[in-house]
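Here's what TrEMBL has on this protein:
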SIGNAL    1-23  signal peptide
ACT_SITE  GLU126  active site, proton donor
ACT_SITE  ASP272  active site
DISULFID  CYS337-CYS366  disulfide bond
ACT_SITE  GLU380  active site, proton donor
ACT_SITE  GLU424  active site
BINDING   THR516  Ca(2+) binding site
Amino acid sequence: MHLRTASALVSLLLVGLAHQVVANPLPPNDEASLRRRYTAQKYRADTVKKAFQTAWNGYYKYAFPHDSLRPATNTYSDDRNGWGASAVDAFSTALVMKNWGVVNQILDYVPTINFSNTSTEISLFETTIRYLGGMLSAYDLMTGPLWNHAGNDTTNVTAVLVQAQRLADNLKVAFDTPSGVPDNMLKFGPPRKVGQATNGIATIGTLVLEWTRLSDLTGNPEYGRLAQKAESYLLHPRPALGEPFPGLLGTNVNITTGLFVDSSGGWGGGDDSFYEYLIKMYLYDPLRFREYGERWVKAVDSSIQYLTSHPTSRPDLTFLAMWNNRTLQFVSEHLACFNGGNFILGGLTLDEPIYVRFGLDLVDSCHETYVKTATGIGPEVFSWQDSRTPLNATNNPGPPAAQAGFYNTSGFWISNGNYVLRPEVLESIYYAYRATGDKKYQEWAWASFQAINATCRIGSGYSSVNDVNAPGGGGFSNFQESFWFAEVLKYSYLIFAEDAPWQVQADHTNQFVYNTECHPIRIASGHENVAYGST
């Protein structure tokens with residue numbers, strides 16, 4: 001069932017794309033070639049699994065059950081409330097890798113977490129995508145395609161869902177506001193809101209998948225209804241300033257009134273996963289969440305029509321600008337590079353080749369931010385000069401003098417050269433490969449993984465680095481993010497792994513949808529315990 005409602009202008013902009021390549025089937029191979037290819041792919045998958053084990057061994061030895069490893073000094077950080085964020089984030093990755101030794105270590109640990117005890121403030125968003133998403137995903141995998149594979153007793157598997165519900169019961173005080181828009185920051189002992197005045201669309205709009213899934217698994221509709229009520233303010237934004245382009249929103253919402261307070265935004269941090277979850281909720285259950293799909297279509301149509309930008313020095317590249325009111329800002333982020341994969345997933349889900357093709361263009365362009373740097377890794381923030389906006393206009397300056405040569409060959413300049421073990425470029429390359437079968441995406445993923453593996457490896461694990469355009473990454477921050485386990489290593493593995501029920505499918509046979517932390521959540525159709533209407 002098609003949801004697309006593109007304007008005539010968008011249709012004109014996209015004419016000719018609809019019949020372009022969506023799938024590039026692999027050429028015929030003789031048996032020997034197929035065997036060599038299988039061996040190469042298995043070698044690459046096994047190499048990623050070894051990197052996972054290296055990172056896990058360092059974390060387990062020096063940091064567990066704390067949140068994160070500081071690999072250069074063999075110490076730890078409790079940056080996510082001291083509940084063992086890296087262990088929970090690693091859970092679903094260990095499962096899809098069938099690393100039963102690590103699975104059992106985490107499965108033994110999860111029932112012991114005291115989700116009522118922490119001395120630090122809690123982010124509703126971060127806790128939802130990492131802890132709640134991680135536990136729901138593990139439960140879905142262990143009660144679904146991996147049932148009885150790990151040799152674990154069912155008591156601990158059941159305890160994973162119990163723990164997810166216990167955590168949500170502590171977190172749900174966040175929604176106790178006049179509007180139902182949650183306060184993103186909480187304290188426990190007892191659970192209470194910090195008292196923020198506003199919340200952002202990413203931290204409001206990236207709760208619905210996990211909280212709805214919890215309702216579907218437990219039969220308690222309260223969790224889903226809380227998140228869906230909060231989401232309703234984003235599906236129907238008010239006042240008009242909150243929607244400067246159709247389907248594209250401002251960033252911040254007043255918690256008391258549910259009204260938008262600005263009209264600045266983009267596909268980057270603070271906004272990103274709101275758009276991501278619109279199509280993923282539709283994929284999760286197209287009957288209950290049709291409106292989410294319709295809103296995603298409006299957002300991507302507007303993005304193509306209003307935000308598409310080509311750098312003056314590399315008009316072959318395609319980026320999406322950010323905006324301030326209706327003034328475009330020609331800057332983007334590593335975080336925003338998930339957008340290619342999201343367009344591809346939406347195009348596959350809605351049978352719209354134009355979205356797939358545009359998504360592939362975005363993937364190609366974000367990949368260029370990797371291949372042009374000294375380390376082969378993309379920067380945290382990059383900018384460019386738009387080819388259709390008057391040159392040197394207030395919103396369209398040229399590159400800094402020191403990067404003029406780099407810009408001329410690369411099509412972007414580096415505004416922030418950090419790399420904090422982010423997954424988004426690999427994520428979109430993964431979706432591109434699953435949509436097309438084109439082996440070039442596997443080659444891109446392998447080169448990117450090798451660059452990260454070589455640059456970020458230090459001490460007992462892997463660390464963020466300071467400058468991707470400096471030899472060796474310009475020094476280490478001595479911090480191994482928990483999403484290194486959940487996302488970078490999972491996407492790097494999946495693109496070379498055998499087909500499995502949790503892999504993204506191009507033919508409408510998906511059994512799982514990935515949350516923004518790359519935890520695979522089983523789609524609802526036929527797998528929910530209770531049906532109820534969204535609010």
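Even glycines carry a Cβ here, placed using N, Cα and C.
Predicted automatically and left uncurated, TrEMBL annotations should be read as such.
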Legend entry - Other CB atoms, at most 10 A from the CB of ASP272 (active site): 25
Legend entry - List of residues, in chain order, with Cβ under 8 A from that of CYS366 (disulfide bond) and at least 6 apart: CYS337, GLY340, GLY378, GLU424, VAL425, SER428
Inset, instruction - Check the active-site residues GLU126, GLU380, GLU424 for other C-beta atoms within 10 angstroms of each C-beta and report the one with the most. - result: GLU424
Legend entry - Cβ contacts of THR516 (Ca(2+) binding site) (under 8 Å, same chain, 6 or more positions away): ILE129, GLY133, THR206, ASP272, SER273, GLU276, TYR277
Inset, instruction - For CYS337 (disulfide bond), just count the other CB atoms lying within 10 A of its CB, please. - result: 31
Inset, instruction - Can you grab the distance from GLU126 (active site, proton donor) over to GLU380 (active site, proton donor)? Cα atoms, rounded to a whole Å. - result: 19
